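J.: The following block contains the structure, expressed as structure tokens.
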Amino acid sequence: MHFNLESPFWRFVNTLLRFTALNLLFVVTCIPLVTIGPARSALYGTVFAYDDHDDIPLCRQYLQRFIREFKQSIIAFIIHAVLAAIVIYSLAFWLSMTGAMTYLALIVLIIGAVLLVLSYEFFYPLQSRYTNTVWGFFKLSVGVPMGIPLYAICLLAIDVAFAFLIYYVPFLRVLAIIFGFSWLAYAKSLIYLRAFDRFERGTKGDTKTTYKNGSL
């Protein structure tokens, strides 16, 4: 029997295996929890590079980007985690209170929670694609989705749907560990790239935010 490795079937199998290896590497590097930030940044940077050149070695790209983005993204993740803890604690506290101030505090906290979610959603993809300071990326991770709300809503909807499915369908949890996160990142990268294209057109002349090379 003759196997044509260039046939659509075998090319699909090859791509599936490559993304499975990438996914498992992502899961392993997330195990310390504090490294989730660098892992997300490396994953998005890798799938962005794949969009530019689909023949790149995905795992090697991932490890190089994990190391390159480690310092900034681990600082950002710690900040995100601390802010999330403050918001959750504050919500629990004010929900147990009564009075006019309670409603005002809850409104402020809900707005803060929305901004925090947007920042967490956009920070690491932005950081993997551009050059800036940690503070600069925090401002961008809130400002960019505000300027492109439809893209932001689509990305958040994908995350919610993914979380809903793996929570209510146990079998999908196994698939997520095997290859789900890498394919999710790839699907979202198509939206991110469109969003970033609009962002790039609006930041011409900004010397602090520059595009990084597609592959390493």
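Along the chain as shown, residues are numbered 1 onward.
Positions of Cβ are set from backbone N, Cα and C atoms, glycine also.
Any TrEMBL annotation is an automated prediction that lacks curation.
From TrEMBL, for reference:
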type	residues	note
TRANSMEM	12-34	transmembrane segment
TRANSMEM	74-95	transmembrane segment
TRANSMEM	101-123	transmembrane segment
TRANSMEM	144-168	transmembrane segment
TRANSMEM	174-193	transmembrane segment
J.: Do the transmembrane segment (12-34) and the transmembrane segment (174-193) share at least 3 Cβ pairs under 8 Å, sequence separation 6 or more?
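T.: Output yes: the transmembrane segment (12-34) sits against the transmembrane segment (174-193).
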J.: Same-chain Cβ contacts of the transmembrane segment (74-95) under 8 Å, 6 or more residues past its ends?
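T.: Distal contacts: 34-38, 102, 105-106, 109, 112-113, 116, 119-120, 123-124, 127, 134, 137-138.
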